[in-house]
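Engineer: Pasting in a structure now, in structure tokens, and then I'll have a few things to ask.
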């Protein structure tokens, strides 16, 4: 694996864990010495992958592991069609920027085999992917296998996405975040979406969903998968809808099935499937303030009403399971009836669908297919935990994956904040992965800067939840920052930040000179009113005496007299907190 040279801070370096023939990426942060002695480098989780030419794609890390198991076969695959890239490609006669890099024949399971991580885990096998994850999470491989076997965690790793570095989603592990990218009919290009992918993983996205609905859907996805070190998710109904000219009523199982196989062959690791939207649940949304806000949910609701029958996703769910088991694609069972406003939170429609999703989870597990369950949405703080509790009850502890939730509806332009508040709360209560929200939510398609803001905000929420849950090692990062802050190691503070660039920029707005990076104050309080500097001076001047005052056996009168004596010494010495 080639380390990236373009680190986000000069104190960062690529420092992988090398064990059992694996190379598991981590970032090492070099720290300056403290007054009391040297500090060990600090190590953090790394998602960004190797730095390569996007036209070539990433190294195929997992190919030897996949083929060594002897349960997959190469095959020709479906025929590529122009409609795969949408109506504009049909008019042009080609995609706007064809993928010209390496594209081996697709793999799928041999007849009678299931090549999912859940199938291996249930058979008692610790795969290379599980070993990789265990090193990454600093846990025992058997613990990883056990959680995957029980369905409480998933390792989304399509056999046709060997470039991905294995990661795990489950509430017993680090809280993960997802970043959504993808074009629309209005804006963006393939190059821009690949750039967003690289930008999102640079700042810490654990998975990325390609939600493209515009031109070149197939080709955009090919570029993204070939350049992604993290699992890629999609909502295949979007592409299927494009294939029938955007008319939901014209969708069919045959069109959808073909689209799913197309995406399985490309290497999509998990797919959002809105199979829980049942005909009987749609009337429950009529009294809502904001109706059905999920794009996939509204598409399927429209189809159900047009045909007055259950959706083909529900009716053909078992066949979907059979397909997913051949490629190790995980279900992300979509919450098509999620609330789009506080007024609609935790209503009958939302929870009716969640209960059905729980039943579908059990059916998928019968095929050894990995599952996570999607959740809301817009939910007041006091109503959030009920979502965790019901999901764990009805979906038997399958990983919960939520969009926020937003805890207030009054802040367009700041919904990354309104949702991060809810995200931290729901993750603390057991949600395994958080889907980021950017400042553009409800307003427009996010650009690179919005992607970064969304990722950083959600890394913060996820980490706060890990600290609250007592996840091993989570607090160590905060403690390293606090120590650097108290010792005025400014460059270490920047290096330990989630976003060093912004931390440096804010500091340098008022104190840009290089000597300010070693000063024992900042512009907030200045040199005379810095509480930490005053605390340090007090420690330096009275450290031993303070320690003595805290020792057992010192009576109250002795303590009082000792304080008076030190007060006299301080006044006699000039009465200055700061001495030259």
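A Cβ is built for glycine as well, from the same backbone N, Cα and C atoms used for every other residue.
Copied straight from Swiss-Prot:
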REGION    1-58  region 'Disordered'
BINDING   180, 209, 238, 274, 294, 295, 296, 335, 336, 337, 338, 374, 401  substrate binding site
BINDING   378, 442  Zn(2+) binding site
BINDING   522, 525, 530  [4Fe-4S] cluster binding site
REGION    554-580  region 'Disordered'
Engineer: If you measure residue 442 (Zn(2+) binding site) to residue 338 (substrate binding site) at Cα, how many Å is it?
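Structural biologist: Residue 442 (Zn(2+) binding site) and residue 338 (substrate binding site) have their Cα atoms 15 Å apart.
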Engineer: To the nearest whole angstrom, state the Cα distance for the pair residue 296 (substrate binding site) and residue 378 (Zn(2+) binding site).
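Structural biologist: Cα-Cα, rounded: 17 Å.
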Engineer: Measuring Cα to Cα, tell me the gap between residue 180 (substrate binding site) and residue 378 (Zn(2+) binding site) in whole angstrom.
Structural biologist: 18
Engineer: Could you count the residues of the region 'Disordered' (1-58) that DSSP puts in helix, in strand and in coil?
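Structural biologist: Once the DSSP states are binned, the region 'Disordered' (1-58) shows 0 helix, 19 strand, 39 coil.
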Engineer: Would you mind pulling the DSSP three-state label for residue 296 (substrate binding site)?
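Structural biologist: It is helical.
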Engineer: Across all chains shown, how many C-beta atoms besides its own are within 10 angstroms of the C-beta of residue 180 (substrate binding site)?
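Structural biologist: Total other Cβ atoms inside 10 Å, all chains included: 23.
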Engineer: So if I draw a 10 Å sphere around the Cβ of residue 294 (substrate binding site), how many other Cβ atoms end up inside it?
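Structural biologist: Around residue 294 (substrate binding site), other Cβ atoms within 10 Å: 23.
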Engineer: If I take the alpha carbons of residue 338 (substrate binding site) and residue 378 (Zn(2+) binding site), what is the distance between them in whole Å?
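Structural biologist: Cα-Cα distance, residue 338 (substrate binding site) to residue 378 (Zn(2+) binding site): 8 Å.
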Engineer: Of the residues named as substrate binders, 180, 209, 238, 274, 294, 295, 296, 335, 336, 337, 338, 374, 401, how far apart in Å are the Cα atoms of the most distant pair?
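Structural biologist: Binding-site diameter by Cα atoms for substrate: 20 Å.
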Engineer: Quick check for the class: what is the C-alpha distance, in angstrom and rounded, between residue 294 (substrate binding site) and residue 378 (Zn(2+) binding site)?
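Structural biologist: It is 12 Å, counting Cα to Cα.
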Engineer: Taking just the CA atoms, what is the gap between residue 378 (Zn(2+) binding site) and residue 336 (substrate binding site) in Å?
Structural biologist: 13
Engineer: Could you tally the C-beta atoms, other than its own, that fall within 10 angstroms of the C-beta of residue 401 (substrate binding site)?
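Structural biologist: The Cβ of residue 401 (substrate binding site) has 27 Cβ neighbours within 10 Å.
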Engineer: Starting from the Cβ of residue 296 (substrate binding site), draw a 10 Å sphere and report how many other Cβ atoms land inside it.
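Structural biologist: Taking every protein chain into account, the count is 23.
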Engineer: Using a 10 angstroms cut-off on Cβ to Cβ distances, just flag whichever of 338, 442 is the loneliest among these binding-site residues.
Structural biologist: 442
Engineer: Tell me whether residue 378 (Zn(2+) binding site) sits in a helix, a strand or coil according to DSSP.
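Structural biologist: DSSP assigns residue 378 (Zn(2+) binding site) to strand.
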Engineer: Considering the binding-site residues 238, 336, 378, which residue's Cβ sits among the greatest number of other Cβ atoms within 10 Å?
Structural biologist: 336
